[in-house]
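TrEMBL lists Lys567 with the feature ATP binding site. Here TrEMBL flags 39-180 as domain 'Methionyl/Leucyl tRNA synthetase'. The feature domain 'Leucyl-tRNA synthetase editing' is assigned by TrEMBL to 219-390. According to TrEMBL, the domain 'Aminoacyl-tRNA synthetase class Ia' annotation covers 403-604. Sequence annotations record features per position, and here TrEMBL assigns domain 'Methionyl/Valyl/Leucyl/Isoleucyl-tRNA synthetase anticodon-binding' to 644-765. Marked as motif ''HIGH' region' by TrEMBL: 40-50. Taken from TrEMBL, the feature motif ''KMSKS' region' applies to 564-568.
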Amino acid sequence: MSSYNFSMIEKKWQKIWDETEAFKTVENEKPKYYALEMFPYPSGKIHMGHVRNYSIGDVVARFLKMKGYNVLHPMGWDAFGLPAENAAIKHGLHPYKWTIENMEEMKTQLKLLGLSYDWDREIGTCHPDYYKWTQYIFLKFFEKGLAYKKEYAVNWCPSCETVLANEQVVGGECERCSSPVGKKKLDQWYFKITDYAEELLQDIDKLDGWPEKVKTMQKNWIGKSVGAEADFSIEGFDKSMKIFTTRPDTIYGVTYMVLAPEHEYVDELVAGSEYEEAVTAFKAKMAHMSEIERTSNEAEKEGIFIGRYAINPVNGAKIPIYIANYVLADYGTGAIMAVPAHDERDNDFAKKYEIEIVDVIDEDGKVINSQEFNGFDYKEAGEKITQKLEEMEIGKKTINYRLRDWLISRQRYWGCPIPVVYCDECGIVPVEEKNLPVMLPTDVKFTGKGESPLTTSEEFKYVSCPKCGKKARRETDTMDTFVDSSWYFLRYIDPKNENIPFGKEIAEKWMPVDQYIGGVEHAILHLLYSRFFVKVLRDMGMCDFDEPFKNLLTQGMVLKDGSKMSKSKGNTVSPIEIIDKYGADTARLFILFAAPPERDLEWSENGVEGCYRFINRVWRLVDEINEVCAGSGFEYSGELDKDDKQLNYVLNASIKKVGEDIAERFNFNTAISSVMELVNEMYRYKALDGKKPELLNIASKELLVMLAPFIPHAAEELWEMSKQEGSIHEQQWPSYDEKALVKDAIEIVVQVNGKVRGKMSVPSEISREDMEKIALDDEKVKEFIAGKNVVKVIVVPKKLVNIVVK
Ligand code: ANZ
Ligand code: ZN
């Protein structure tokens, strides 16, 4: 008898898989399958979230390989980003060194999990041979007018001294340091994602393999609103105020107007008036508040009258103009017509400042108080009023998107340099393609303050203009790391291409990603940006597909004591400790068994131990079968009796269920349960006398094949011990025998004094006498009737035996 020495086995097979390049993908005739997990940020240590993400992906990849696909399963590093830079500031370590060391460390840890990656395709976004192509793509965007510069009041963290994207502002505070976020005007680079808003929205409906909730989040993020623009003239002012409304039907109910405090007319409108001082003060106050603070539902509505009046174009009413916190400068036109009777925010505001409220829609949705539009349904009235505005040439139907252009420049060192040069003569000049990559300089200072550290490198900063040759200055901002991760899945396909980011033909072959797996926290930005990139690259002729990810699985969180495992909560469990104690196979099995992938998973040491015991149970079973049945082979003769049939039934039912659960639903937990039932049945069968060893050999072989995606090391070792040929991971997934699934056995219930004490499988043609005999002979039932008198045995044919005892 051998024992399950996981540590030796896992080391052994990891080494062999490495040496034989077992998971290297080469082009062949098989149908392709691209399995991809979101690549990690190299923080230095893997956590349970990684273990979960990558174990799920590994089962998918190994399973599809066994199903006959040519599987591409790559891994790499999302290696630029702030933590490296913070470490540099804190510990004086260069970000490059810090990152490379972390990548090495994490790779070692990932290898301990026995994941089936083609490490030959490994990429790191911080390597010049990767970011060269990020820069190349940037320049293509620039050429097409899809990368542009504009001055903008950005979210600014005074403590990190950096620009923050909207999503990095949480509750008005910096996501990283919790300082209150302010605004600052800076020249910034943008990608024009808004040009693709409509297509990004429309194509969501094509994503059949995506979770509904992710699709909804993307739709809301794009936020399409159909409405109208209308010009309201301003008394004593030569320009009119353009507003955007989704409810033109309410235009007769307008009782005040609002301009965003930052609206370009505001200063002019109050200049020299008694309102000027108060308006300036209010604007200053707003400048220190984040957009979220200003517009959240809980935020108190706040504003001031600016001493001016607008004229309602449809009825000539004179209406006061305010500036207020809840109107934003960069949505719609930055100005609104306020209808307190029908808009909640306007209603709060009007009540607070005692402004008139006029109903224009009654309870049945019919328009009232609206002259010739009275009596119309509000929807119809909206169209008619828009038409009227169009006829008056002061308005038109308008579509607005909440989606803004993507702010991509960061005043940071550890990112991809933006490959442009500023020349006094020629303006913004792109770096020539032959001079890519623009390498990150190494002679920089990390002060943790002020401008990008790239400005501290004199050598980097000054260059000659690519156009005129005069002295020019390089862009010193770097790109948002979301840019790096918006195309990495394309680089994996052709990772060593030295001429272009990826070959078109080979990308055609492998794309789209068949299964993408990752955290739901990336449901919006990363996925939207990747979709955007693919559409732009397609329009540039670099590829022919419209969408990058065919199927998406967003895995749930790993919880402990009911809350997410996280460093800050101090409730983490180290994957490495678990691997040391139980082995990677146990860790993987537990994570896959404890919950379906999309649900949250509660960590449980008992659960882990249970999985460890199960692997040991499989180990002993296969080991014993090898000992007892060796030499018997797989060919049996003679009829199958009821026990043979039962084993065959459970085996084939299990093959069917495991295959379907993985392929159709990724229900790994129920797949594993079914394998556990098979193991129980094999133990039962093995304990019987005079059974067919060939049947056990067959069951043992298929059991291992089914377990291979989940516990690859133990399965491979047991495969070898069973003297099977080749690697288990090269085997075909077993098919099941429909005939074996037709049961001619039935299940009967045995009761003692009316209580169910056992269920047993019996031949369907069983007699009353046999039912009674089998029931009384059963070990469990014997326990319940031991030492008692059997008064009566009631038999319901083919259903039930009730034993009455005293
Ligand atoms: C009058 C009105 C009456 C409105 C009513 C709504 C309901 P969505 O759907 O998000 O596009 N709005 C327009 N621009 C704004 C800005 N820059 N900041 C804050 N609010 C703005 O919302 C469009 C509605 O939000 C517009 O329609 C406008 O208020 C407001 F019963 O106009 B509505
Ligand atoms: Zn020049």
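The backbone N, Cα and C atoms fix where each Cβ goes, and this holds for glycine too.
All annotation found in TrEMBL is predicted automatically rather than curated by experts.
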By Cβ distance under 8 Å, which residues at least 6 away from the ends of the motif ''KMSKS' region' (564-568) in the same chain are close to it? 47-49, 557-558, 603
Residues of the same chain, at least six outside the motif ''HIGH' region' (40-50), with any C-beta under 8 angstroms of its C-beta? 77-79, 81, 83, 99, 101-103, 105-106, 109-110, 113, 124, 519, 557-558, 565, 572-576, 591, 603
Take the domain 'Methionyl/Leucyl tRNA synthetase' (39-180) and count its residues per DSSP category (helix H/G/I, strand E/B, coil), listing them in that order. 69 helix, 26 strand, 47 coil
Using a Cβ-Cβ cut-off under 8 angstroms and a sequence gap of six or more, which residues of the chain neighbour the residue listed as 'ATP binding site'? none
Reduced to three DSSP states, the motif ''KMSKS' region' (564-568) has 0 helix, 1 strand, 4 coil
Would you list the DSSP helix, strand and coil counts for the residues of the domain 'Methionyl/Valyl/Leucyl/Isoleucyl-tRNA synthetase anticodon-binding' (644-765)? 74 helix, 17 strand, 31 coil
